[in-house]
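A.B. asks: Quick one: the structure is below, and I'll ask about it shortly.
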Amino acid sequence: FAAVSVDCSEYPKPDCTLEYRPLCGSDNKTYANKCNFCNAVVESNGTLTLSHFGKC
């Protein structure tokens, strides 16, 4: 069982696309795509992690 992770090293980005590929964060919030999720990770100073791919 491997931990689920996303590489957010190239974030934050000012604009995210409207692409819908949901990710569920450790805050139990569904993020529309990697960009939205990674921006939130950066904002949280790394406290937010990926729970799983798909909607929460």
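A Cβ is built for glycine as well, from the same backbone N, Cα and C atoms used for every other residue.
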A.B. asks: Of the residues ASN28, ASN45, give the one that Swiss-Prot describes as N-linked glycosylation site.
C.D. replies: ASN45
A.B. asks: According to Swiss-Prot, the disulfide involving CYS16 connects it to which residue among CYS8, CYS35, CYS38?
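C.D. replies: Checking Swiss-Prot: disulfide partner of CYS16 resolves to CYS35.
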A.B. asks: Going by Swiss-Prot, tell me which one of CYS8, CYS56 is disulfide-bonded to CYS24.
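C.D. replies: In Swiss-Prot, CYS24 forms its recorded disulfide with CYS56.
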A.B. asks: In whole Å, how far is CYS35 (disulfide bond) from CYS8 (disulfide bond) when you measure between their Cα atoms?
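C.D. replies: Computed Cα spacing between CYS8 (disulfide bond) and CYS35 (disulfide bond) is 8 Å.
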A.B. asks: In angstrom units, rounded to an integer, how far apart are the Cα atoms of CYS24 (disulfide bond) and CYS38 (disulfide bond)?
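C.D. replies: Cα-Cα, rounded: 12 Å.
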A.B. asks: Return the average pLDDT for the domain 'Kazal-like' (6-56) as a whole number.
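C.D. replies: Mean pLDDT, the domain 'Kazal-like' (6-56): 96.
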A.B. asks: Could you break down the residues of the domain 'Kazal-like' (6-56) into DSSP helix, strand and coil, giving a count for each?
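C.D. replies: Result for the domain 'Kazal-like' (6-56), in helix, strand, coil order: 10 helix, 9 strand, 32 coil.
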A.B. asks: Let's check the environment of CYS56 (disulfide bond): how many other CB atoms sit within 10 Å of its CB?
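C.D. replies: CYS56 (disulfide bond) is surrounded by 14 other Cβ atoms within 10 Å.
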